[in-house]
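Look at Swiss-Prot and you will find HIS78, ALA119, HIS120, SER121, GLY151, SER152, ASN179, TYR288, GLU370 tagged as thiamine diphosphate binding site, backed by sequence analysis. Annotation source Swiss-Prot lists Mg(2+) binding site at ASP150, ASN179.
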Amino acid sequence: MDRPHTPILDQVNYPSDLRRMSNADLAQCADELRAEVISAVSETGGHLGSSLGVVELSVAIHAVFNTPYDKLVWDVGHQCYPHKVLTGRRDRIRTLRQKDGLSGFTKRSESEYDPFGAAHSSTSISAALGFAAAQDLGEATGDGIAVIGDGSISAGMAYEALNNAGDLGKRLFVILNDNEMSIAPPVGAMSKYLTDLSAKSPLATLKDIADGVASHLPEPIRQGAERARELVTGHQPSATLFEHLGFTYIGPVDGHDMEELLTTLRAAKARATGPVLIHAVTVKGKGYSPAELSDDCYHGVAKFDVATGQQKKSAPNAPSYTSVFGQTLLNMAEADSRIVGVTAAMPGGTGISTLQKAKPNRVFDVGIAEQHAVTFSAGMAAGGLKPFCAIYSSFLQRGYDQIVHDVALQSLPVRFMIDRAGLVGADGPTHAGAFDIGYLSALPNMTVMACADEAELVHMMATAAAHNDGPIALRYPRGEGTGVALPDQGDVLEIGKGRVIQDGHDVAILSFGAHLEEAKDAATALEARGLSVTVADARFAKPLDTTLIDDLMTKHSALITVEQGAVLGFGGLVLHHLAATGQLDGRCAVRTLHLPDRFIDQASPAEMYADAGLTADDIAQAALEAMGVEVLAARA
């Protein structure tokens, strides 16, 4: 496809080039940068809407602040595509989220302009404050700048950082990227006022800027600006939450007006002596009408046609695990009034939106607040409800103490629905669900399941609904199922019991979770070598089906465990049982296949599992090595 015409952007290799440009050229550069991002993401897919919303902010921040000496920290990081183009990575921008390409998030190892990596929310203020503390103690670092969205700033960690920043009183810049509030009326008047300001203006303090914005507006517009300020701060304009915390508050300002942004940032940089919060109002998907008109503002997109906005998604071969979860939850909720759903700002991503649309009073979206989601679910369980708490595996890590203290310790029957278990593809290591098997199985009272296919997901959800003897967790992967027929309703499984898929007598492959198909393929390869193979589906990591494991050990010469989780997960639990019962001293060789002890960069899931050594060929090779050359020779 034709690339956009970008004569001004072509002059930018690094942010220092922006600092030599006029304001008019910077505005033109932003327009060209937006076109470049749209063009690039149309070829790669990715987080388009959030990136389009911060184009002007990206240009203005890099033009005003001395990055990389000044430390720019993007919260979440999924809006960083314009930032990457401006910081020496334009030549690789069309490798976003691909194997050996650019990460879709900020990443310290990728560029000195990414001083702090991100992909989970609400960390930026803490990190930027850390840089400010390092500067005060003599380290060679400049100002700390955090760019955080209105969703991310709602999380508890962000408020902890704001509270600490206000208490320390260090020079710090927090830019609130507010893309949910429309304040169109005051934009023009504020722009005219702020354009008259400069870093050399006679204003004595930043408070003059903050207070002067509203005072220079006509009465109806001033009231609108004050309402916007009240909504974002939670207090009356005369006593904002941020000001109570020790911040100077400036805003709201138009996050797409280059003159206004430059004037505000330059004045703030020149005059700040303590923490400053700049409230910039932006539009998610700005400048690309298909994104602006979309319900999710093209938050995450596949490759698409720039002219039409039509996404190029391949037709699914089977329903996704997420959609099966959503429909099954609705079906069960219709039969049981005690079933409720809980999500932490991901109703669509988790599939819980299916229940939310049908029974909105039975779904609770708590925002980006996993800790609260877990304990809130615990409270509902204690109150007699059956909460299904649906959180991605990598995000559930954020609520681990609550799982331990508020759920497991009290043996409360919270049902944890853990989507995105295993490797997830283009989002890379930050979103991989690698650790939940180990960290959940370590807890007393916890039951841990993983489904081999979408039909098993339905059965395990029914099992979770019926389980009232403590918390229970069900992990399942991102993407399509295997295409098996779905039952009309799930069967309640016996807790701690697996199943044998096929019987053999030489090698046993014991799979936990969605790698069962690879286990079957490995069995086929081994059978072609003359080996008789048993394939079993563990179903449960906790409690283990020790009867099944003992039987496999007794009847086979090799046992191979397979899982989509980290070391010390399911395989570790099996080894612990075998060691405790003296079975590692016997005739059966044991090998555990799991994710390696390292983080795996983005690629397709198939490429990532190949990198991890978890293909069918890897499973077969592990079995052959466990059997030994002499055994194989005897069967040749």
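Backbone N, Cα and C atoms are what each Cβ position is placed from, and that goes for glycine too.
Positions of the features from Swiss-Prot, shown on the structure.
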residue: HIS78; record: thiamine diphosphate binding site; CB count, 10 Å: 24
residue: HIS120; record: thiamine diphosphate binding site; CB count, 10 Å: 22
residue: ASP150; record: Mg(2+) binding site; CB count, 10 Å: 17
residue: GLY151; record: thiamine diphosphate binding site; CB count, 10 Å: 18
residue: ASN179; record: thiamine diphosphate binding site; CB count, 10 Å: 23
residue: GLU370; record: thiamine diphosphate binding site; CB count, 10 Å: 28
Legend entry - Integer Å distance between the CA atoms belonging to ASP150 (Mg(2+) binding site) and ASN179 (thiamine diphosphate binding site): 7
Legend entry - Alpha-carbon distance [ASP150 (Mg(2+) binding site); GLU370 (thiamine diphosphate binding site)] in Å: 17
Legend entry - For thiamine diphosphate: widest Cα to Cα gap among HIS78, ALA119, HIS120, SER121, GLY151, SER152, ASN179, TYR288, GLU370 in Å: 32
Inset, instruction - Give the three-state DSSP assignment (helix, strand or coil) for GLU370 (thiamine diphosphate binding site). - result: helix
Inset, instruction - Round to a whole number and give the Cα-to-Cα distance in Å for the pair HIS78 (thiamine diphosphate binding site) and ASP150 (Mg(2+) binding site). - result: 14
Inset, instruction - Between the Cα atoms of ASP150 (Mg(2+) binding site) and HIS120 (thiamine diphosphate binding site), find the distance and write it as a whole number of Å. - result: 14
Inset, instruction - Kindly assign GLY151 (thiamine diphosphate binding site) to one of the three DSSP-derived states: helix, strand or coil. - result: coil
